[in-house]
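Engineer: The structure follows.
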């Protein structure tokens, strides 16, 4: 193993080998006997040694070449390795007196350095001939390695001596010139000498000559390293060009650890970007510290074989592009044709109807407001002609002045301009939840990027966190989450009603509110026009009213109830009535009489916490106000989560044309979520069927009743369903104090898991799809014994058991809502080996 170079300096004489000491002794003797002023002798010796190394050096393999440990020194560099073999007691330069004494004497021919060098070179040639005559020892044999190593050391010593002599010769010349300039002797007077500028120019020429010689030496050395012996008795040949290095294999070489530590291995390379002598088509590998002209190849250019590879690569790329580009164009055209066949493009804003409209048509006072169509994310389907007209204080901007109510969704339903036979024909509708009133479990993408530290759990905190970007981000959600295509699909699924959620900030906001104001209003109006286009009737549903009616995230703000309760309870009561005053004036227009056929007061007021009488009084007052303003639609009041049997005695003296709205789920009740698949279907067809049928009558119940929300979800596994960051009853992670899992196999096993319920619907088994479809059809059958139903909800990002659209397209919802395969009274089908914990 090579010795660490610094160790050789530090421990000289203790760990060096006998050949090393011989080399140092020989070097000292050479320093004493050499005439440092004999320039011609130095050059002759150097040239002779170069020829010797080139022509007669021992045959070595490439891996043993001395080039792996050799490196260039600049002639002016002071390097510790150059001095390693010298005796500190022997001065590098003799005094002037010694030099004059030596120059005065004459050398004997036998003792002259030239004679000794000739004898030494002759001895070496004779030794080489003797080795060749006897046959070279095997590669790696001990004596071969020892002789080669000793010669290598001596050759390196010669090179070091030559560099040192040249350095000292130059210094002596400079000192002599300086001494002459300083002399007062007329012989040495400055008037007989060159000027300082001339001397500087002369030194510059010397330096240039030295650099040129050093560069030539480096090039010769590099060429020497590329040679290798083939066999002992055959001439040398150039190494073949390197083959492609396998990927992952290092291109580096093993060198002295000291050299690597110093960063001075001759094979260490760095990569330079672009440029450089060969044309810069790609990055070039250069020796560290080398200039561009030192690259492989003549005069810094790229070798032919590399150029050939480059041209081949360029040709391949050109051929591939010639194939790929036409294919891409064809595919792009096909995709564009497919997109043009659809009614909407869900990903990009559609603003083509602004073409031909001048920005100057918008008054200065309206520019940059909700009345300025150039600020709208999506203008398709809107009338972008400016108007500041309002009805009930609410803008009609975006509406067309004409409409057509002759459409119907299917042949089972009368057109819009004919009355719908409520009471004799059931409603088959769907909700647009999570759209204009945002809910985390329906659109989790709006909430997933925040941590629990951010506290983003509802629309209030979302808008607060978004800050100035809230309006643009939320309008993009409005424009893309529900589009015209959704209304066409709702019609095609056999549905005939749509329950549209919106909140009070569509109408107005108050000091301190974080919500985005009024933008959702125009999307509500456009949605109604899309419903008109496809013959769908509308139920309006205020999901969030001032102060929050239940404190849940879908009311806008999760937390305490501030409506009819708390410090601002009465203020928010007044505000909510003002909201209905404006809304009822607007929707009492003739254009809405045939399409807005059901008008909701408030979604899910928490009557288990609020004073029941206060809620009933507000409901009566609001209904009278609405009807006074001209609303002829049915007005709905929610059951407030009270037992339906209690409603038999409530609001018995109420205004006409009112519906009771109830929401039925099995997953939020721990006694029902643990039921097995067949038991849940029997619960719906036996208990719910009779309950809904009874409450729908005025004699034994309350009167006309609809089911405004239900789903086919049989677990509460959906992300964020129980609030952001809350667990599930199904797996026992819902309660902070109770880890009981509520699923059919919780006690007997296997353990409950949400992985199956939350899987992609394409992975649902046929048995599970059969259950989900039967479970949905059973609920349809039960709710159709009253006024009908609205499924919750039409579209979700990732909750298939809550999305009518996903179920319909994946085969676990009837293809036509009016033509189910199962109804209560039929035999419950066998679900095979469907696991109960699925």
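Glycine residues also receive a Cβ, built from the backbone N, Cα and C atoms like all the rest.
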Engineer: Can you identify, from 269-289, 290-310, 311-331, the stretch that Swiss-Prot calls transmembrane segment?
Structural biologist: 311-331
Engineer: Fewest other CB within 10 angstroms, which one of the glycosylation sites 383, 553, 565, 696?
Structural biologist: 383
Engineer: Ten-angstrom check, please: count other Cβ atoms within 10 Å of the Cβ of residue 604 (active site, proton donor), all chains counted.
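Structural biologist: Here the count is 20.
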Engineer: Pop the Cα-Cα gap between residue 553 (N-linked glycosylation site) and residue 643 (N-linked glycosylation site) into the table, whole Å please.
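Structural biologist: Distance (Cα to Cα, whole Å): 23 Å.
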Engineer: With Cβ-Cβ distance below 8 Å and at least 6 positions apart along the chain, what are the contacts of residue 400 (N-linked glycosylation site)? List them in sequence order.
Structural biologist: 383, 529
Engineer: Rounded to the nearest angstrom, how far is the Cα of residue 388 (N-linked glycosylation site) from the Cα of residue 604 (active site, proton donor)?
Structural biologist: 35
Engineer: I'd like the Cβ neighbour count for residue 643 (N-linked glycosylation site), meaning other Cβ atoms within 10 Å of its Cβ, all protein chains included.
Structural biologist: 9
Engineer: Need the DSSP three-state call for residue 643 (N-linked glycosylation site) to compare against my parser.
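Structural biologist: Residue 643 (N-linked glycosylation site) sits in coil per DSSP, no helix or strand.
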Engineer: Just checking the glycosylation sites 388, 553, 565: which sit within 10 A of residue 696 (N-linked glycosylation site), CA to CA?
Structural biologist: none
Engineer: Three-state secondary structure of residue 553 (N-linked glycosylation site) from DSSP?
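Structural biologist: Once the DSSP labels are grouped into three classes, residue 553 (N-linked glycosylation site) ends up as helix.
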